[in-house]
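Okay, structure first, notes after.
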Amino acid sequence: MGKVYDWFEERLEIQAIADDITSKYVPPHVNIFYCIGGITFTCFIIQVATGFAMTFYYRPTVAEAFASVEYIMTEVNYGWLFRSMHRWSASMMVLMMILHVFRVYLTGGFKKPRELTWVTGVTLAVVTVSFGVTGYSLPWDQVGYWACKIVTGVPEAIPVVGSLLVELLRGSVSVGQATLTRFYSAHTFVLPVAAAVLMLTHFLMIRKQGISGPL
């Protein structure tokens, strides 16, 4: 094993990377509330894992979506557990995200030179809410359908471009298969990729700038 490690160490400088990760200075004022961001990230990992598992059985069609969710809950081994974990970790992620935003704001973590870290964080908050909006409609039950109809109808109040935005979101004039397909695509591909890129940027800036000092 020593030779294998030495081979990788010579090429990747693993020890230097490990030292950089483990030797960052942590200010003495840091408390448990500074862990909320990490909890939010943990919830996201659970979302990715459980969501990926459910994509094997979920069918994004208006005729089969609800039945496929029922199948996951009643027929798939531990399907009920995966969906329950997905649902509860989604709620926990939103809650932790809100608490994290409040913690950063109240402790002044958004001030110079961390403005861009704050911007990426707020953008991540918008992405998180978008996860909730798109995922809520995927079972395509009565609640999901009407929630989708209401949410996609909101932009209609915008002058000039309102109707175009509604049709862009729905994929049609009315809510239907095109809408469900777009929500599924956004929920399982567009938003996860956006979240991953934003999180990587967010974490790199935190590593570079460190934790903000006390007020």
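Glycine too: its Cβ is placed from the backbone N, Cα and C atoms.
Annotation comment: Swiss-Prot describes Cys35 as heme c binding site. Cβ-based neighbour count (10 Å, all protein chains) for Cys35 (heme c binding site) stands at 14.
Classification of His187 (heme b 2 binding site) by DSSP places it within a helix. The heme b 2 binding site annotation in Swiss-Prot covers His86, His187, and the record cites sequence analysis as its basis.
Annotated heme b 1 binding site per Swiss-Prot: His100, His202, in sequence order. Sequence-distant neighbours of His202 (heme b 1 binding site) (same chain, 6+ residues apart, CB-CB distance under 8 A): Thr117, Thr120, Gly121, Leu124.
Taken from Swiss-Prot, the feature transmembrane segment applies to 32-52 (among others), supported by sequence analysis.
Here Swiss-Prot flags 90-110 (among others) as transmembrane segment, drawing on sequence analysis. Outside the transmembrane segment (90-110), and at least 6 residues removed from its termini, the chain residues within Cβ reach (under 8 Å) are 33-34, 36-37, 39-40, 43-44, 47, 117-118, 121-122, 124-125, 128-129, 131-132, 135, 212, 214-215.
The transmembrane segment annotation in Swiss-Prot covers 116-136 (among others), and the record cites sequence analysis as its basis.
Positions annotated as transmembrane segment by Swiss-Prot: 186-206 (among others).
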Could you give the residue numbers and ranges of same-chain residues that sit at least 6 residues beyond the transmembrane segment (186-206) on either side and whose C-beta is under 8 angstroms from one of its C-beta atoms?
41, 44, 48, 51, 55, 114, 116-117, 120-121, 123-124, 127-128, 130-131, 134-135, 138
Chain residues outside the transmembrane segment (116-136) and at least six past its termini with a C-beta under 8 angstroms from it
47, 90, 93-94, 97-98, 100-101, 104, 109-110, 143-144, 147-148, 151, 183-184, 186-187, 191, 194-195, 198-199, 201-202, 205-206, 209
So if I draw a 10 Å sphere around the Cβ of His100 (heme b 1 binding site), how many other Cβ atoms end up inside it?
23
Whole-number Å value for how far Cys35 (heme c binding site) lies from His100 (heme b 1 binding site) (Cα to Cα)
9
Take the C-alpha atoms of His86 (heme b 2 binding site) and Cys35 (heme c binding site) and report the distance between them in angstrom, rounded.
21
